[in-house]
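K.L.:
Here's a structure for you.
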């Protein structure tokens, strides 16, 4: 990152800054950009949601043991972590649309392998491709949206609403995908001989549990076509192999330097790390509690699928409430603080209700589960709003990749730690303490950066120029 275009401000302060009308012909208007960003977010996450309910069961049906399945997921996590920064820098060098389309193609290949392949190496390859796609997709869509809005309305344009809608679309896609992925094999099982016919007609390649993965591959094709047709980007210098290879390390180094020296960026990374600890605790410990409550692993899996869907819906609700939270608390910083407090409260309820199956304890646990995702939904768009006001277009996707990397690394470490701790409230309460510590770092508001005023002045000068006088790369 070579500079910053803005600084975190309260909603009232942002509204007080006069925005000159945007001339026509300088890219998509913010409303259109928001709609396309929401559509891209939904299409990308829908197939992933479809794989949540059936992934482990499909691999088991293919003859894989639990240790092998754990290894597959480790391949995914390690690949995503290793590729986060290089692929973030790649997006800043060659463009958002190209990287997003590549992510969709990788996911399409991965879901096809899951749906048709039965060998361990093929499944591991699919998980590696999916991890690479996850790394590729962690920043470009959001960076494209912010770049487009800034190009049309300037660095002080409202971002929270669009970011919140995108986050809500992601959660809604995961919720709908979970229901579709769990329901399709069940519906095929209701038909007399439908599963057997499908198995026989394809020589055993396709079974009911693999249908969601294959349908997900088709959705990925739609995603790629939409990205290529609906996400226009400003002209960039023609990318050469030498330029890409040389530009990516520079983008990574600049992003790491900014994270090291900028206090607000450090707080955003701490917030992402706290979210990783919360998600690791919930995803690792909740299935066992669901099975214990229901009495069998199969019934527990059904309950967990329902909880996961409800959690995604709570996250979508929190994302929709994120702009309101910022207005009520008078700043994005305080909104992140309040969201983190809600997450910590939810984890605490999950902790103190551990070991009991009374109606009161069960109600507390379900409430806590919903609060975790509600708080994450509130905090994430506001934290990203602060991040985007601090970085410029040249390093935006790299900054988002660093944020995603912080979440994934802490989630991996927290998951290992939670797995070694004795069962009971301790893992939950430790996760709550980590989240609370991450939230408390927002008690003090960040100091304004001197470049913010210069960024506004530069943008206003360009808006007053005729379109023909504006540099091509800035249109």
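Using the three backbone atoms N, Cα and C, a Cβ is placed for every residue, glycine included.
Feature list, courtesy of TrEMBL:
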- 8-17: compositional bias 'Low complexity' (COMPBIAS)
- 452-464: compositional bias 'Basic residues' (COMPBIAS)
- 1-25: region 'Disordered' (REGION)
- 452-475: region 'Disordered' (REGION)
- 37-59: transmembrane segment (TRANSMEM)
- 66-83: transmembrane segment (TRANSMEM)
- 103-129: transmembrane segment (TRANSMEM)
- 168-187: transmembrane segment (TRANSMEM)
- 207-228: transmembrane segment (TRANSMEM)
- 264-282: transmembrane segment (TRANSMEM)
- 302-323: transmembrane segment (TRANSMEM)
- 335-354: transmembrane segment (TRANSMEM)
- 360-379: transmembrane segment (TRANSMEM)
- 400-419: transmembrane segment (TRANSMEM)
- 425-443: transmembrane segment (TRANSMEM)
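Quick one: how deep are these features, and who are their neighbours?
P.N.:
Counting same-chain residues at least six beyond the ends of the transmembrane segment (37-59), those with a Cβ under 8 angstroms from any Cβ of the stretch are 68-69, 72, 100, 103-104, 107, 111, 114, 123, 137, 141-142, 144-145, 162, 165-170, 172-182, 185, 207, 209-210, 212-213, 215-217, 219-220, 222-223, 226-227, 230-231, 301, 305, 308, 312.
Residues 44, 47-48, 51, 55, 58-59, 62-64, 68, 71-73, 75-76, 79, 136-137, 140, 204-206, 210-211, 213-214, 216-217, 220-221, 223-224, 227 of the same chain lie 6 or more positions beyond the ends of the transmembrane segment (103-129) yet place their CB under 8 Å from a CB of it.
Long-range neighbours of the transmembrane segment (168-187) within the same chain, counting only residues 6 or more positions beyond its ends whose Cβ lies under 8 Å from a Cβ of the stretch, are 38-39, 41-54, 208-209, 211-212, 215-216, 305, 308-310, 312-313, 315-317, 319-320, 373, 377.
With a cut-off of 8 Å between Cβ atoms, the residues of this chain six or more beyond the transmembrane segment (264-282) that come close are 7-8, 258, 311, 336, 340, 343, 347, 350, 369, 372, 376, 379-380, 383-384, 386-387, 390-391, 399, 402-404, 406-412, 414-415, 418, 427-428, 431, 434-435, 437-439, 441-442, 446.
Tertiary proximity for the transmembrane segment (302-323) is limited to same-chain residues at least six positions away from its ends with a CB under 8 Å from its CB atoms, namely 11, 49, 52-53, 160-161, 163-172, 174-175, 178-179, 182, 282, 286-287, 290-291, 293-294, 335, 339, 366, 369-382.
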K.L.:
Should anything in the same chain at least six residues away from the transmembrane segment (425-443) have a Cβ under 8 Å from its Cβ atoms, list it; otherwise answer none.
P.N.:
267, 270-271, 273-275, 277-278, 280-281, 285, 333-334, 336-337, 339-341, 343-345, 347-348, 350-352, 354-355, 379, 414, 417-418
K.L.:
Counting a contact as 3 or more Cβ pairs under 8 Å, with residues at least 6 apart in sequence, do the transmembrane segment (66-83) and the transmembrane segment (400-419) touch?
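P.N.:
With 3 or more qualifying Cβ pairs, these stretches touch.
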